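The next block holds one structure in the form of C-alpha coordinates; read it before the comments.
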Amino acid sequence: MAAKDVQFGNEVRQKMVNGVNILANAVRVTLGPKGRNVVVDRAFGGPHITKDGVTVAKEIELKDKFENMGAQMVKEVASKTNDVAGDGTTTATVLAQSIVAEGMKYVTAGMNPTDLKRGIDKAVAALVEELKNIAKPCDTSKEIAQVGSISANSDEQVGAIIAEAMEKVGKEGVITVEDGKSLENELDVVEGMQFDRGYLSPYFINDAEKQIAGLDNPFVLLFDKKISNIRDLLPVLEQVAKASRPLLIIAEDVEGEALATLVVNNIRGVLKTVAVKAPGFGDRRKAMLQDIAILTGGVVISEEVGLSLEKATLDDLGQAKRIEIGKENTTVIDGFGDAAQIEARVAEIRQQIETATSDYDKEKLQERVAKLAGGVAVIKVGAATEVEMKEKKDRVEDALHATRAAVEEGVVAGGGVALLRARAALENLHTGNADQDAGVQIVLRAVESPLRQIVANAGGEPSVVVNKVLEGKGNYGYNAGSGEYGDMIGMGVLDPAKVTRSALQHAASIAGLMLTTDCMIAEIPEEKPAVPDMGGMGGMGGMM
(Lines of atoms letter the chains of each structure in order from A; the text may use other names.)
(Lines give C-alpha, C1' and ligand atoms only; values in the text may rest on other atoms or scores of the structure.)
Protein backbone atom coordinates (compact mmCIF):
# COMPACT_ATOMS: atom_id res chain seq x y z
CA MET A 1 0.00 0.00 0.00
CA ALA A 2 1.40 3.41 -1.01
CA ALA A 3 2.33 5.95 1.66
CA LYS A 4 -0.24 8.68 2.39
CA ASP A 5 0.11 12.40 2.94
CA VAL A 6 -2.08 13.38 5.93
CA GLN A 7 -2.72 17.08 6.58
CA PHE A 8 -4.79 18.87 9.22
CA GLY A 9 -6.43 22.19 10.10
CA ASN A 10 -6.61 25.55 8.40
CA GLU A 11 -3.69 24.97 6.04
CA VAL A 12 -5.32 22.02 4.31
CA ARG A 13 -8.74 23.71 4.36
CA GLN A 14 -7.19 26.64 2.50
CA LYS A 15 -5.86 24.29 -0.19
CA MET A 16 -9.33 22.80 -0.55
CA VAL A 17 -10.81 26.31 -0.90
CA ASN A 18 -8.20 27.10 -3.60
CA GLY A 19 -9.44 24.07 -5.56
CA VAL A 20 -13.06 25.18 -5.11
CA ASN A 21 -12.19 28.66 -6.40
CA ILE A 22 -10.28 27.43 -9.46
CA LEU A 23 -13.19 25.24 -10.58
CA ALA A 24 -15.94 27.73 -9.63
CA ASN A 25 -14.17 30.64 -11.35
CA ALA A 26 -14.02 28.62 -14.58
CA VAL A 27 -17.70 27.67 -14.35
CA ARG A 28 -19.19 30.99 -13.15
CA VAL A 29 -18.25 32.94 -16.30
CA THR A 30 -20.95 30.98 -18.18
CA LEU A 31 -23.84 32.22 -15.99
CA GLY A 32 -26.66 34.37 -17.34
CA PRO A 33 -27.75 35.68 -20.75
CA LYS A 34 -24.41 37.43 -21.27
CA GLY A 35 -22.42 34.41 -20.03
CA ARG A 36 -19.05 33.89 -21.72
CA ASN A 37 -17.86 30.80 -23.57
CA VAL A 38 -15.33 28.32 -22.23
CA VAL A 39 -13.14 26.51 -24.77
CA VAL A 40 -12.10 22.98 -23.83
CA ASP A 41 -9.24 21.20 -25.60
CA ARG A 42 -10.06 17.65 -26.67
CA ALA A 43 -7.59 14.85 -27.39
CA PHE A 44 -9.48 14.04 -30.60
CA GLY A 45 -11.24 16.45 -32.95
CA GLY A 46 -11.58 20.20 -32.60
CA PRO A 47 -11.88 22.12 -29.33
CA HIS A 48 -15.26 22.01 -27.58
CA ILE A 49 -16.89 25.42 -26.99
CA THR A 50 -19.55 25.44 -24.27
CA LYS A 51 -21.63 27.59 -21.95
CA ASP A 52 -22.79 24.57 -19.96
CA GLY A 53 -21.52 24.67 -16.37
CA VAL A 54 -21.42 20.92 -15.77
CA THR A 55 -19.47 20.30 -19.02
CA VAL A 56 -16.81 22.80 -17.88
CA ALA A 57 -16.71 21.32 -14.36
CA LYS A 58 -16.22 17.77 -15.66
CA GLU A 59 -13.10 18.81 -17.59
CA ILE A 60 -11.22 20.16 -14.56
CA GLU A 61 -8.56 18.06 -12.83
CA LEU A 62 -5.91 19.78 -10.68
CA LYS A 63 -2.29 18.77 -10.08
CA ASP A 64 -2.25 19.37 -6.30
CA LYS A 65 -4.06 16.43 -4.64
CA PHE A 66 -5.69 18.53 -1.89
CA GLU A 67 -6.79 21.32 -4.22
CA ASN A 68 -8.16 18.65 -6.54
CA MET A 69 -10.27 17.19 -3.74
CA GLY A 70 -11.91 20.59 -3.23
CA ALA A 71 -12.54 20.92 -6.96
CA GLN A 72 -13.99 17.40 -7.19
CA MET A 73 -16.40 18.09 -4.32
CA VAL A 74 -17.78 21.15 -6.12
CA LYS A 75 -17.92 19.12 -9.33
CA GLU A 76 -20.21 16.79 -7.37
CA VAL A 77 -22.52 19.77 -6.67
CA ALA A 78 -22.82 20.47 -10.41
CA SER A 79 -23.29 16.78 -11.33
CA LYS A 80 -25.92 16.12 -8.64
CA THR A 81 -27.91 19.24 -9.59
CA ASN A 82 -27.69 18.17 -13.24
CA ASP A 83 -28.92 14.65 -12.41
CA VAL A 84 -31.90 15.86 -10.38
CA ALA A 85 -33.02 18.95 -12.29
CA GLY A 86 -30.99 18.81 -15.53
CA ASP A 87 -29.97 22.46 -15.23
CA GLY A 88 -28.85 25.03 -12.65
CA THR A 89 -25.33 23.60 -12.46
CA THR A 90 -23.64 27.00 -12.70
CA THR A 91 -25.97 28.53 -10.10
CA ALA A 92 -25.22 25.61 -7.75
CA THR A 93 -21.45 26.06 -8.23
CA VAL A 94 -21.64 29.83 -7.58
CA LEU A 95 -23.73 29.24 -4.42
CA ALA A 96 -21.33 26.54 -3.16
CA GLN A 97 -18.31 28.81 -3.70
CA SER A 98 -20.03 31.64 -1.85
CA ILE A 99 -21.10 29.49 1.13
CA VAL A 100 -17.58 28.00 1.43
CA ALA A 101 -15.88 31.43 1.21
CA GLU A 102 -18.20 33.02 3.81
CA GLY A 103 -18.10 29.95 6.05
CA MET A 104 -14.29 29.75 6.06
CA LYS A 105 -14.09 33.27 7.50
CA TYR A 106 -16.13 32.15 10.51
CA VAL A 107 -14.26 28.85 10.92
CA THR A 108 -10.90 30.67 10.83
CA ALA A 109 -12.26 33.11 13.44
CA GLY A 110 -12.79 30.13 15.76
CA MET A 111 -16.51 29.37 15.44
CA ASN A 112 -17.80 25.82 15.74
CA PRO A 113 -18.00 24.33 12.18
CA THR A 114 -20.68 21.81 13.20
CA ASP A 115 -22.98 24.54 14.51
CA LEU A 116 -22.31 26.64 11.40
CA LYS A 117 -23.41 23.66 9.28
CA ARG A 118 -26.57 23.24 11.38
CA GLY A 119 -27.37 26.92 10.88
CA ILE A 120 -26.80 26.59 7.12
CA ASP A 121 -29.11 23.55 6.98
CA LYS A 122 -31.88 25.36 8.90
CA ALA A 123 -31.59 28.40 6.61
CA VAL A 124 -31.75 26.24 3.47
CA ALA A 125 -34.83 24.36 4.76
CA ALA A 126 -36.58 27.72 5.35
CA LEU A 127 -35.59 28.97 1.86
CA VAL A 128 -36.84 25.79 0.17
CA GLU A 129 -40.21 26.15 1.90
CA GLU A 130 -40.42 29.80 0.81
CA LEU A 131 -39.51 28.89 -2.81
CA LYS A 132 -42.41 26.41 -2.83
CA ASN A 133 -44.75 29.18 -1.67
CA ILE A 134 -43.69 31.69 -4.32
CA ALA A 135 -43.60 29.19 -7.24
CA LYS A 136 -46.45 29.44 -9.76
CA PRO A 137 -47.59 26.60 -12.04
CA CYS A 138 -46.13 26.45 -15.56
CA ASP A 139 -48.93 25.33 -17.87
CA THR A 140 -49.06 27.38 -21.03
CA SER A 141 -46.94 26.86 -24.14
CA LYS A 142 -45.74 30.45 -23.86
CA GLU A 143 -44.36 29.88 -20.34
CA ILE A 144 -42.73 26.59 -21.38
CA ALA A 145 -41.07 28.39 -24.33
CA GLN A 146 -39.83 31.16 -22.01
CA VAL A 147 -38.27 28.65 -19.57
CA GLY A 148 -36.61 26.81 -22.48
CA SER A 149 -35.23 30.05 -23.92
CA ILE A 150 -33.70 31.18 -20.61
CA SER A 151 -32.05 27.81 -20.03
CA ALA A 152 -30.62 27.78 -23.57
CA ASN A 153 -28.81 31.07 -22.88
CA SER A 154 -31.70 33.23 -24.13
CA ASP A 155 -32.12 31.38 -27.45
CA GLU A 156 -35.83 31.91 -28.23
CA GLN A 157 -35.82 29.44 -31.12
CA VAL A 158 -34.85 26.59 -28.77
CA GLY A 159 -37.62 27.53 -26.32
CA ALA A 160 -40.20 27.59 -29.10
CA ILE A 161 -39.20 24.19 -30.51
CA ILE A 162 -39.33 22.54 -27.05
CA ALA A 163 -42.77 24.07 -26.35
CA GLU A 164 -43.97 22.73 -29.72
CA ALA A 165 -42.57 19.26 -28.95
CA MET A 166 -44.31 19.19 -25.56
CA GLU A 167 -47.56 20.32 -27.16
CA LYS A 168 -47.41 17.48 -29.68
CA VAL A 169 -46.39 14.55 -27.48
CA GLY A 170 -47.84 15.80 -24.19
CA LYS A 171 -45.89 16.89 -21.15
CA GLU A 172 -45.25 13.24 -20.32
CA GLY A 173 -44.13 12.17 -23.82
CA VAL A 174 -40.60 11.13 -24.78
CA ILE A 175 -38.46 13.94 -26.27
CA THR A 176 -34.95 13.20 -27.55
CA VAL A 177 -32.21 15.44 -28.98
CA GLU A 178 -30.16 14.38 -32.03
CA ASP A 179 -27.66 15.86 -34.49
CA GLY A 180 -29.46 17.45 -37.43
CA LYS A 181 -28.45 17.42 -41.08
CA SER A 182 -29.28 21.06 -41.93
CA LEU A 183 -28.45 24.52 -40.55
CA GLU A 184 -31.87 24.92 -38.90
CA ASN A 185 -33.30 23.17 -35.84
CA GLU A 186 -36.02 20.70 -36.83
CA LEU A 187 -38.75 18.90 -34.91
CA ASP A 188 -39.68 15.38 -35.88
CA VAL A 189 -42.70 13.91 -34.07
CA VAL A 190 -43.35 10.18 -34.14
CA GLU A 191 -46.41 8.69 -32.54
CA GLY A 192 -45.07 5.70 -30.71
CA MET A 193 -44.02 3.94 -27.53
CA GLN A 194 -40.49 3.48 -26.28
CA PHE A 195 -39.29 1.01 -23.63
CA ASP A 196 -35.83 0.35 -22.22
CA ARG A 197 -34.97 -3.05 -23.65
CA GLY A 198 -32.81 -3.65 -26.73
CA TYR A 199 -32.03 -6.55 -29.07
CA LEU A 200 -30.80 -9.78 -27.47
CA SER A 201 -28.14 -10.30 -30.14
CA PRO A 202 -26.20 -7.77 -32.25
CA TYR A 203 -26.73 -10.12 -35.23
CA PHE A 204 -30.28 -8.75 -35.46
CA ILE A 205 -28.93 -5.31 -36.57
CA ASN A 206 -29.90 -4.45 -40.16
CA ASP A 207 -28.98 -0.75 -40.17
CA ALA A 208 -25.22 -0.65 -39.57
CA GLU A 209 -24.99 3.15 -39.62
CA LYS A 210 -27.56 3.73 -36.86
CA GLN A 211 -26.71 0.42 -35.13
CA ILE A 212 -30.39 -0.54 -34.92
CA ALA A 213 -32.68 -3.27 -36.16
CA GLY A 214 -35.52 -1.64 -38.11
CA LEU A 215 -38.67 -3.65 -38.88
CA ASP A 216 -41.27 -2.29 -41.33
CA ASN A 217 -44.88 -3.43 -40.93
CA PRO A 218 -43.97 -6.21 -38.45
CA PHE A 219 -46.03 -8.63 -36.38
CA VAL A 220 -45.45 -8.51 -32.60
CA LEU A 221 -45.47 -11.70 -30.51
CA LEU A 222 -45.93 -11.11 -26.76
CA PHE A 223 -45.16 -14.00 -24.40
CA ASP A 224 -44.83 -13.82 -20.61
CA LYS A 225 -42.38 -16.73 -20.09
CA LYS A 226 -38.92 -17.72 -21.33
CA ILE A 227 -38.53 -19.21 -24.80
CA SER A 228 -35.64 -21.66 -25.07
CA ASN A 229 -37.11 -24.42 -27.26
CA ILE A 230 -37.55 -23.51 -30.95
CA ARG A 231 -40.27 -26.19 -31.37
CA ASP A 232 -42.68 -24.05 -29.32
CA LEU A 233 -42.14 -21.17 -31.74
CA LEU A 234 -42.25 -23.05 -35.06
CA PRO A 235 -46.04 -22.87 -35.73
CA VAL A 236 -46.05 -19.05 -35.34
CA LEU A 237 -42.82 -18.60 -37.33
CA GLU A 238 -44.26 -20.62 -40.24
CA GLN A 239 -47.44 -18.49 -40.34
CA VAL A 240 -45.40 -15.24 -40.23
CA ALA A 241 -43.05 -16.52 -42.97
CA LYS A 242 -46.07 -17.24 -45.22
CA ALA A 243 -47.27 -13.66 -44.69
CA SER A 244 -43.75 -12.45 -45.75
CA ARG A 245 -43.54 -9.93 -42.92
CA PRO A 246 -40.95 -9.41 -40.15
CA LEU A 247 -41.57 -10.41 -36.52
CA LEU A 248 -40.65 -8.86 -33.17
CA ILE A 249 -40.68 -11.29 -30.25
CA ILE A 250 -41.08 -9.76 -26.78
CA ALA A 251 -40.73 -12.38 -24.04
CA GLU A 252 -39.33 -12.75 -20.52
CA ASP A 253 -36.21 -14.07 -22.27
CA VAL A 254 -35.23 -15.85 -25.47
CA GLU A 255 -32.20 -18.10 -25.05
CA GLY A 256 -30.30 -21.16 -26.17
CA GLU A 257 -31.49 -23.02 -29.24
CA ALA A 258 -34.43 -20.64 -29.87
CA LEU A 259 -32.22 -17.54 -30.01
CA ALA A 260 -29.57 -19.29 -32.12
CA THR A 261 -32.19 -20.41 -34.68
CA LEU A 262 -33.71 -16.92 -34.93
CA VAL A 263 -30.25 -15.41 -35.49
CA VAL A 264 -29.36 -17.96 -38.20
CA ASN A 265 -32.72 -17.41 -39.98
CA ASN A 266 -32.13 -13.67 -39.83
CA ILE A 267 -28.59 -13.86 -41.26
CA ARG A 268 -29.71 -16.17 -44.07
CA GLY A 269 -32.67 -13.92 -44.86
CA VAL A 270 -35.19 -16.75 -44.33
CA LEU A 271 -37.24 -14.74 -41.81
CA LYS A 272 -36.55 -11.26 -40.49
CA THR A 273 -36.99 -11.49 -36.70
CA VAL A 274 -35.75 -9.63 -33.65
CA ALA A 275 -36.05 -10.81 -30.04
CA VAL A 276 -36.09 -8.49 -27.02
CA LYS A 277 -36.71 -9.01 -23.32
CA ALA A 278 -39.99 -7.72 -21.91
CA PRO A 279 -39.60 -4.43 -20.00
CA GLY A 280 -40.00 -4.21 -16.21
CA PHE A 281 -40.07 -6.96 -13.58
CA GLY A 282 -42.73 -9.06 -11.83
CA ASP A 283 -46.27 -7.65 -11.91
CA ARG A 284 -45.05 -4.48 -13.61
CA ARG A 285 -43.72 -6.59 -16.50
CA LYS A 286 -47.15 -8.22 -16.98
CA ALA A 287 -48.82 -4.80 -16.97
CA MET A 288 -46.34 -3.39 -19.50
CA LEU A 289 -46.77 -6.39 -21.81
CA GLN A 290 -50.52 -5.74 -21.65
CA ASP A 291 -49.87 -2.06 -22.54
CA ILE A 292 -47.88 -3.11 -25.62
CA ALA A 293 -50.62 -5.61 -26.56
CA ILE A 294 -53.31 -2.89 -26.44
CA LEU A 295 -51.09 -0.47 -28.40
CA THR A 296 -50.40 -3.01 -31.17
CA GLY A 297 -53.81 -4.71 -31.18
CA GLY A 298 -52.43 -8.06 -30.07
CA VAL A 299 -52.80 -10.45 -27.13
CA VAL A 300 -50.32 -11.43 -24.42
CA ILE A 301 -49.89 -15.19 -24.81
CA SER A 302 -49.99 -16.43 -21.25
CA GLU A 303 -50.71 -19.86 -19.81
CA GLU A 304 -52.53 -18.10 -16.95
CA VAL A 305 -55.36 -17.22 -19.34
CA GLY A 306 -55.24 -20.56 -21.18
CA LEU A 307 -53.20 -19.48 -24.22
CA SER A 308 -50.15 -21.42 -25.39
CA LEU A 309 -47.34 -20.55 -27.79
CA GLU A 310 -47.85 -23.65 -29.97
CA LYS A 311 -51.50 -22.76 -30.66
CA ALA A 312 -50.93 -19.03 -31.31
CA THR A 313 -52.26 -17.66 -34.61
CA LEU A 314 -51.62 -14.45 -36.55
CA ASP A 315 -54.79 -13.00 -34.94
CA ASP A 316 -53.06 -13.16 -31.54
CA LEU A 317 -50.12 -11.09 -32.76
CA GLY A 318 -49.92 -7.32 -32.54
CA GLN A 319 -48.90 -5.17 -35.52
CA ALA A 320 -47.21 -1.82 -36.06
CA LYS A 321 -46.17 0.40 -38.95
CA ARG A 322 -42.52 0.35 -37.87
CA ILE A 323 -40.45 -0.80 -34.90
CA GLU A 324 -36.87 0.29 -34.24
CA ILE A 325 -34.76 -1.76 -31.84
CA GLY A 326 -31.47 -0.32 -30.56
CA LYS A 327 -28.94 -1.67 -28.09
CA GLU A 328 -30.90 -0.34 -25.09
CA ASN A 329 -34.29 0.88 -26.38
CA THR A 330 -37.17 -0.31 -28.52
CA THR A 331 -39.58 2.16 -30.17
CA VAL A 332 -42.96 0.99 -31.45
CA ILE A 333 -44.25 3.49 -34.04
CA ASP A 334 -47.92 3.62 -35.11
CA GLY A 335 -49.26 0.51 -33.39
CA PHE A 336 -52.44 -0.98 -34.92
CA GLY A 337 -54.32 -0.93 -31.59
CA ASP A 338 -57.87 0.37 -31.20
CA ALA A 339 -57.90 4.04 -30.10
CA ALA A 340 -60.85 3.53 -27.74
CA GLN A 341 -59.08 0.64 -25.98
CA ILE A 342 -55.88 2.69 -25.64
CA GLU A 343 -57.85 5.57 -24.08
CA ALA A 344 -59.58 3.17 -21.68
CA ARG A 345 -56.20 1.73 -20.67
CA VAL A 346 -54.77 5.22 -20.05
CA ALA A 347 -57.80 6.12 -17.92
CA GLU A 348 -57.33 2.89 -15.94
CA ILE A 349 -53.64 3.69 -15.24
CA ARG A 350 -54.50 7.27 -14.24
CA GLN A 351 -56.96 5.80 -11.72
CA GLN A 352 -54.14 3.65 -10.30
CA ILE A 353 -51.92 6.77 -10.00
CA GLU A 354 -54.52 8.41 -7.77
CA THR A 355 -54.68 5.41 -5.42
CA ALA A 356 -50.92 4.62 -5.44
CA THR A 357 -49.23 5.27 -2.09
CA SER A 358 -45.51 5.24 -2.92
CA ASP A 359 -43.79 7.89 -5.05
CA TYR A 360 -41.90 5.17 -6.92
CA ASP A 361 -45.14 3.45 -8.00
CA LYS A 362 -46.62 6.78 -9.07
CA GLU A 363 -43.53 7.58 -11.13
CA LYS A 364 -43.61 4.20 -12.90
CA LEU A 365 -47.35 4.48 -13.62
CA GLN A 366 -46.79 8.02 -14.94
CA GLU A 367 -44.14 6.62 -17.30
CA ARG A 368 -46.63 4.07 -18.62
CA VAL A 369 -49.21 6.80 -19.31
CA ALA A 370 -46.53 8.76 -21.18
CA LYS A 371 -45.68 5.78 -23.33
CA LEU A 372 -49.29 5.02 -24.20
CA ALA A 373 -50.73 8.53 -24.52
CA GLY A 374 -47.74 10.46 -25.78
CA GLY A 375 -45.46 9.91 -28.69
CA VAL A 376 -41.78 10.34 -29.44
CA ALA A 377 -40.53 13.78 -30.47
CA VAL A 378 -37.02 14.17 -31.86
CA ILE A 379 -35.41 17.63 -31.87
CA LYS A 380 -32.75 17.69 -34.58
CA VAL A 381 -30.18 20.38 -33.80
CA GLY A 382 -28.87 22.21 -36.85
CA ALA A 383 -25.55 24.08 -37.06
CA ALA A 384 -22.91 25.17 -39.56
CA THR A 385 -19.99 23.31 -37.95
CA GLU A 386 -19.54 20.28 -35.72
CA VAL A 387 -18.12 22.46 -32.91
CA GLU A 388 -21.20 24.70 -32.98
CA MET A 389 -23.45 21.63 -33.13
CA LYS A 390 -22.00 20.22 -29.89
CA GLU A 391 -22.38 23.57 -28.11
CA LYS A 392 -25.96 23.99 -29.34
CA LYS A 393 -26.87 20.42 -28.42
CA ASP A 394 -25.64 20.99 -24.84
CA ARG A 395 -27.92 24.01 -24.57
CA VAL A 396 -30.96 22.25 -26.06
CA GLU A 397 -30.57 19.34 -23.64
CA ASP A 398 -30.29 21.78 -20.71
CA ALA A 399 -33.41 23.60 -21.88
CA LEU A 400 -35.34 20.36 -22.23
CA HIS A 401 -34.52 19.33 -18.65
CA ALA A 402 -35.39 22.79 -17.38
CA THR A 403 -38.82 22.79 -19.03
CA ARG A 404 -39.61 19.34 -17.60
CA ALA A 405 -38.61 20.62 -14.15
CA ALA A 406 -40.82 23.70 -14.64
CA VAL A 407 -43.85 21.59 -15.51
CA GLU A 408 -43.18 19.44 -12.42
CA GLU A 409 -42.73 22.03 -9.64
CA GLY A 410 -43.70 25.35 -11.26
CA VAL A 411 -41.65 28.46 -12.03
CA VAL A 412 -40.18 31.37 -10.07
CA ALA A 413 -38.77 34.73 -11.19
CA GLY A 414 -35.43 34.14 -12.94
CA GLY A 415 -32.15 36.02 -12.92
CA GLY A 416 -31.37 35.20 -9.26
CA VAL A 417 -34.43 37.19 -8.06
CA ALA A 418 -36.33 34.24 -6.52
CA LEU A 419 -33.49 33.52 -4.08
CA LEU A 420 -33.35 37.19 -3.06
CA ARG A 421 -37.11 37.24 -2.43
CA ALA A 422 -36.99 33.95 -0.50
CA ARG A 423 -34.48 35.63 1.85
CA ALA A 424 -37.50 37.13 3.63
CA ALA A 425 -37.92 33.72 5.32
CA LEU A 426 -34.49 34.17 6.98
CA GLU A 427 -34.99 37.70 8.33
CA ASN A 428 -36.74 36.41 11.47
CA LEU A 429 -35.04 33.02 11.71
CA HIS A 430 -33.30 32.83 15.11
CA THR A 431 -31.85 29.54 16.26
CA GLY A 432 -30.96 30.52 19.84
CA ASN A 433 -27.30 29.65 19.19
CA ALA A 434 -24.78 32.32 18.10
CA ASP A 435 -22.78 29.98 15.82
CA GLN A 436 -25.93 28.62 14.16
CA ASP A 437 -27.17 32.20 13.65
CA ALA A 438 -23.86 32.87 11.88
CA GLY A 439 -24.67 29.88 9.60
CA VAL A 440 -27.99 31.55 8.72
CA GLN A 441 -26.11 34.79 7.91
CA ILE A 442 -23.76 32.85 5.59
CA VAL A 443 -26.75 31.67 3.51
CA LEU A 444 -28.35 35.13 3.68
CA ARG A 445 -25.30 36.59 1.95
CA ALA A 446 -24.70 33.63 -0.39
CA VAL A 447 -28.13 33.88 -2.06
CA GLU A 448 -27.05 37.21 -3.57
CA SER A 449 -24.15 35.57 -5.43
CA PRO A 450 -26.04 34.26 -8.53
CA LEU A 451 -27.47 37.74 -9.30
CA ARG A 452 -24.08 39.37 -8.64
CA GLN A 453 -22.42 36.97 -11.09
CA ILE A 454 -25.10 37.45 -13.78
CA VAL A 455 -24.58 41.23 -13.56
CA ALA A 456 -20.77 40.93 -13.55
CA ASN A 457 -20.87 38.72 -16.68
CA ALA A 458 -23.07 41.34 -18.37
CA GLY A 459 -20.51 44.05 -17.53
CA GLY A 460 -22.66 45.78 -14.87
CA GLU A 461 -21.99 46.85 -11.28
CA PRO A 462 -23.26 43.99 -9.02
CA SER A 463 -23.72 45.95 -5.75
CA VAL A 464 -25.79 48.70 -7.40
CA VAL A 465 -28.09 46.17 -9.10
CA VAL A 466 -28.54 43.98 -5.99
CA ASN A 467 -29.52 47.01 -3.87
CA LYS A 468 -31.98 48.24 -6.48
CA VAL A 469 -33.58 44.78 -6.80
CA LEU A 470 -33.85 44.49 -2.99
CA GLU A 471 -35.70 47.83 -2.91
CA GLY A 472 -38.39 46.33 -5.20
CA LYS A 473 -40.98 43.69 -4.34
CA GLY A 474 -42.34 40.46 -5.81
CA ASN A 475 -40.99 39.59 -9.24
CA TYR A 476 -39.20 42.93 -9.71
CA GLY A 477 -35.66 42.27 -10.93
CA TYR A 478 -32.90 43.01 -13.43
CA ASN A 479 -32.99 41.53 -16.93
CA ALA A 480 -29.28 41.29 -17.81
CA GLY A 481 -30.14 40.38 -21.41
CA SER A 482 -31.79 43.74 -22.13
CA GLY A 483 -30.31 45.78 -19.25
CA GLU A 484 -33.82 46.68 -17.97
CA TYR A 485 -35.45 46.51 -14.55
CA GLY A 486 -39.04 45.26 -14.24
CA ASP A 487 -41.34 42.28 -13.62
CA MET A 488 -39.15 39.27 -14.44
CA ILE A 489 -42.07 36.92 -15.13
CA GLY A 490 -43.70 39.59 -17.31
CA MET A 491 -40.43 39.89 -19.28
CA GLY A 492 -40.32 36.11 -19.68
CA VAL A 493 -37.28 35.58 -17.42
CA LEU A 494 -38.34 32.45 -15.54
CA ASP A 495 -36.50 29.68 -13.71
CA PRO A 496 -37.99 26.30 -12.78
CA ALA A 497 -38.51 26.19 -8.99
CA LYS A 498 -37.03 22.67 -8.98
CA VAL A 499 -33.76 23.91 -10.52
CA THR A 500 -33.37 26.76 -8.01
CA ARG A 501 -34.26 24.45 -5.10
CA SER A 502 -31.87 21.66 -6.19
CA ALA A 503 -29.02 24.13 -6.79
CA LEU A 504 -29.41 25.56 -3.29
CA GLN A 505 -29.77 22.21 -1.51
CA HIS A 506 -26.80 20.55 -3.22
CA ALA A 507 -24.56 23.61 -2.85
CA ALA A 508 -25.31 23.87 0.88
CA SER A 509 -24.88 20.13 1.40
CA ILE A 510 -21.35 19.94 -0.05
CA ALA A 511 -20.28 23.34 1.34
CA GLY A 512 -21.39 22.25 4.81
CA LEU A 513 -19.26 19.10 4.52
CA MET A 514 -16.24 21.18 3.48
CA LEU A 515 -16.59 23.51 6.47
CA THR A 516 -16.62 20.53 8.86
CA THR A 517 -13.51 18.97 7.26
CA ASP A 518 -10.46 18.98 9.53
CA CYS A 519 -8.19 16.39 7.93
CA MET A 520 -7.39 15.36 4.38
CA ILE A 521 -5.55 12.26 3.20
CA ALA A 522 -3.94 11.89 -0.22
CA GLU A 523 -1.62 9.34 -1.76
CA ILE A 524 2.05 10.31 -2.10
CA PRO A 525 3.06 9.63 -5.70
CA GLU A 526 5.92 7.16 -5.94
CA GLU A 527 9.06 8.57 -7.47
CA LYS A 528 10.06 6.39 -10.38
CA PRO A 529 13.85 6.05 -10.67
CA ALA A 530 15.28 7.50 -13.87
CA VAL A 531 16.34 4.92 -16.45
CA PRO A 532 20.18 4.83 -16.40
CA ASP A 533 22.11 5.64 -19.60
CA MET A 534 23.40 2.66 -21.50
CA GLY A 535 27.17 2.65 -21.12
CA GLY A 536 29.49 2.24 -24.09
CA MET A 537 29.34 -1.31 -25.34
CA GLY A 538 32.66 -3.11 -25.01
CA GLY A 539 34.68 -4.11 -28.03
CA MET A 540 33.27 -1.40 -30.26
CA GLY A 541 35.94 1.24 -29.71
CA GLY A 542 37.08 1.27 -33.33
CA MET A 543 33.65 2.22 -34.70
CA MET A 544 33.00 5.87 -35.64
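Backbone N, Cα and C define each Cβ position, glycine as well.
Owing to the predicted nature of the structure, the values given are computational and were not obtained by experimental measurement.
What Swiss-Prot lists as ATP binding site is THR30, LEU31, GLY32, PRO33, LYS51, ASP87, GLY88, THR89, THR90, THR91, GLY415, ASP495, and the listing cites sequence analysis. According to DSSP, THR30 (ATP binding site) is assigned to coil rather than to any helix or strand. A C-beta separation below 8 Å, combined with a sequence spacing of at least six in one chain, links THR30 (ATP binding site) to ARG36, ASN37, VAL38, THR50, LYS51, ASP52, GLY53, VAL56, THR90.
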Within 10 A of the CB of GLY415 (ATP binding site), the number of other CB atoms across every chain shown is 27
According to DSSP, does THR90 (ATP binding site) sit in a helix, a strand, or coil? helix
In the structure shown, which of the binding-site residues GLY32, GLY88 has the fewest other Cβ atoms within 10 Å? GLY32
